[in-house]
Amino acid sequence: MADDISSFWGPVTSTKEWCEPNYVRSSYIAEFFNTISNVPCIILALIGLVNALRQRFEKRFSVLHMSNIILAIGSMIYHATLRQMQQQGDETPMVWEMLLYFYILYSPDWHYKSTMPTFLFLYGALFAIAHSQIRFDIGFMLHYALLCLLCIPRTYKYYIHTEDRSAKQIAKLYVATLLVGAVCWLCDRLFCKDISRWYFNPQGHALWHVLMGFNAYFANTFLMYCRAQQREWNPKIKHFLGFFPYVKIQKPKAQ
């Protein structure tokens, strides 16, 4: 591993380090592959954002796509510097994004519409304050995993009530990218000593970034389809450049 003193950003202060040697390709980028692997997430989120704006989806989806972009940029800055403050700038948006997913999933059936966004906003603000003062490690991962688990029941409910095969396929791609990405993350985390002795490092954490970029895109697309069904916008799954699925809607003239 390269000497941190020779780096542009100074010594590593992050509580986590990943299985990629530091400052090998540039004194400005601590983990090269873990940094550039966030670019696909930004591109995919931009595709989703343009579609949401062009078809005038509810603002929540524009915010969701923008949160994916912010999260990816935060991750790039963190992996480029490996500093504690930048680590918090990566992890805090992860929690905010899950709170936004929670709102999108559960708000359609919430009778007291002002209470949920108020509670989630206060929760996110309090977490950001606490996270800026306390170094979380295992606690953060358990907290993030719990937020993910809370979204599963409603996501599954949407899936079983979706009849369109193309929409169901997107949901399956969401699950597949999540599972494969989780394996890449775990292997990079648990078997780093063995991987470091290999001639070729598969860059498991970078693969996790790429797969999570697609995972977020598939999740957002599926949720946009489900919401369009709720609003009776006659959603159809189309494909951009013959590959990237997106939701095409036809709103009633009254809307």
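Backbone N, Cα and C atoms are what each Cβ position is placed from, and that goes for glycine too.
TrEMBL lists Trp18, Glu20, Asn22, Glu31 with the feature Ca(2+) binding site. The Zn(2+) binding site annotation in TrEMBL covers His79, His205, His209. TrEMBL lists 32-51, 63-82, 94-112, 119-136, 142-159, 171-191, 206-226 with the feature transmembrane segment.
Shown on the structure are the features that TrEMBL records.
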residue: Trp18; record: Ca(2+) binding site; contacts (Cβ under 8 Å, 6+ apart): Glu31, Asn34, His79, Asp188, Arg189, Cys192, His205
residue: Glu20; record: Ca(2+) binding site; contacts (Cβ under 8 Å, 6+ apart): Glu31, Phe32, Phe33, Asn34, Asn201, Gln203, His205, Ala206
residue: His209; record: Zn(2+) binding site; contacts (Cβ under 8 Å, 6+ apart): Asn34, Ser37, Asn38, Pro40, Cys41, Ala72, Ser75
Chain residues in Cβ proximity to the transmembrane segment (142-159) (below 8 Å; excluding those fewer than six residues from its ends, i.e. six or more beyond): 91, 94-95, 98-99, 101-102, 105-106, 136, 168, 171, 222-223, 226
CB contacts for His79 (Zn(2+) binding site) [other CB atoms within 10 A, all chains]: 27
Cβ contacts the transmembrane segment (94-112)/the transmembrane segment (63-82), at least three under 8 Å, sequence gap 6 or more: yes
Long-range Cβ neighbours of the transmembrane segment (32-51) (under 8 Å; 6 or more residues past either end): 18, 20, 24-26, 57, 61-62, 65-66, 68-69, 71-73, 75-76, 79-80, 203, 205-207, 209-210, 212-214, 216-217, 220-221, 224, 240, 244, 246-247
Cβ neighbour count (within 10 Å, all chains shown) around His205 (Zn(2+) binding site): 23
Asn22 (Ca(2+) binding site), number of other Cβ atoms within 10 Å: 18
Shell of the Ca(2+) site beyond Trp18, Glu20, Asn22, Glu31, same chain only (C-beta within 8 angstroms of their C-beta centre): Glu17, Cys19, Pro21, Ala30, Phe32, Phe33, Asn34, His79, Leu82, His205
Additional residues around Zn(2+), ordered along the sequence, whose Cβ is within 8 Å of the centroid of His79, His205, His209: Trp18, Glu20, Glu31, Phe33, Asn34, Thr35, Ser37, Asn38, Ser75, Ala206, Trp208
